[in-house]
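> Features from TrEMBL:
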- 6-23: transmembrane segment (TRANSMEM)
- 35-57: transmembrane segment (TRANSMEM)
- 104-124: transmembrane segment (TRANSMEM)
- 136-162: transmembrane segment (TRANSMEM)
- 174-197: transmembrane segment (TRANSMEM)
- 209-233: transmembrane segment (TRANSMEM)
- 253-274: transmembrane segment (TRANSMEM)
- 286-303: transmembrane segment (TRANSMEM)
Amino acid sequence: MISYGALLVAVTLLLTFGGLFQRTLEASTHRRGSFFNGFDAAAVGILVLFAGVRIGVGTDYSAYETAYALKVDSEDLAETVRVSDHDIGFAGLQFIGKAAGLEFGHFVFLVSALTVSISALAVWRLGTSPRIALWFYVAFATYLVPMNLIRQGLAMAFVLMFAGELQRRSRWSIIWASLAIVSHYSSAVAVVALVALRFAPDVKAKSLMVYFISGAAGLLALVSSGAIGPIAAYLNPRYADYAVFSEVTGGSGFGTVLSMVFRIALVLISAIVLGMDFGGRFNGHLALQVTVGALMLVGSSVILELARLDLYFFMAGIFLAERVVRSRKRALLPKLAVVVGAVTYYFTYVHSYGGLLPYAWAFA
């Protein structure tokens, strides 16, 4: 736990120094803008190293290590894809790593560097206050997710880039969406949802609560009917097992309920600070995404793996929280609640999810 605490403190200090350095530059050059400087680079570098040099951290670490050793043919891409349990894009990346002679530890570093760097770039470009957004990227545990869910973490990074390019109406959005989907097929849900948001009306706080209640009822009925199984099986036969309620494992536990409450609380605080319309169309859509994520957590009470879909939608919370903290409205208590809640969420995630403890690294 101390390692993760030290990481959060180090990133906080470096991003703070980066902001102070930028203000100094602005004062001397009379130029405004979010300049990525050495302190910011150091913060991202630490995040890459911390994730990249880990050994045995994450409940899925050993499974990925075994798959890399036994199911990746360094001389035959087609065979690797055929026997792999992983999505085609990630299987291809494993093939590239092994063909290049990378040991599994080096491959983990490569994937971590890609995931963190792409995520940091996307967060920097999407955030109105990039350093604050980067801090919430860490504090909301989005950074920690790939330390366990390696494939999905990489897909989440691609989804972030897709969201940014989609906002700019860039053709690059197609590339990022494709990379996300082939890395983890579940990301197709997030891609479709983000595209649909472009046609969604403005969102009000009251309507969001109605959507949440009615959506929760409808989702529970859907997952209980067993209709999701065939769809999941079509994407990947392994996903069919995820889409079946198990009397042994059951649904999600109390920790997931608390996560859902945290998301709803973030939306409500955003409405208090930013206004009932969340301060504009874009912010309203961020709140809607967080609410959809909370709905996925409701569904996970029946099918546990639905909680994974929440991870895509909760990334919007990074930018919603950033806008709350940066709001000109004098609402110290709600803003403080978001920051304290984020830190609490971070340490709760470290303690309870993903097999992140104890932290071990290659230099031990």
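Every residue gets a Cβ built from N, Cα and C, even glycine.
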> Go through the chain and flag residues at least 6 beyond the ends of the transmembrane segment (253-274) whose CB is under 8 A from any CB in it; none is fine as an answer.
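That would be 205, 208, 212, 283, 287, 290-291, 293-294, 297-298, 300-301, 307, 310, 314, 317, 320-321, 323-324, 327, 329, 331, 334-335, 337-338, 341, 345, 348, 352-353.
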> Which listed stretch (35-57, 104-124, 136-162) has the most C-beta pairs under 8 A with the transmembrane segment (6-23)?
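So the stretch in question is 35-57.
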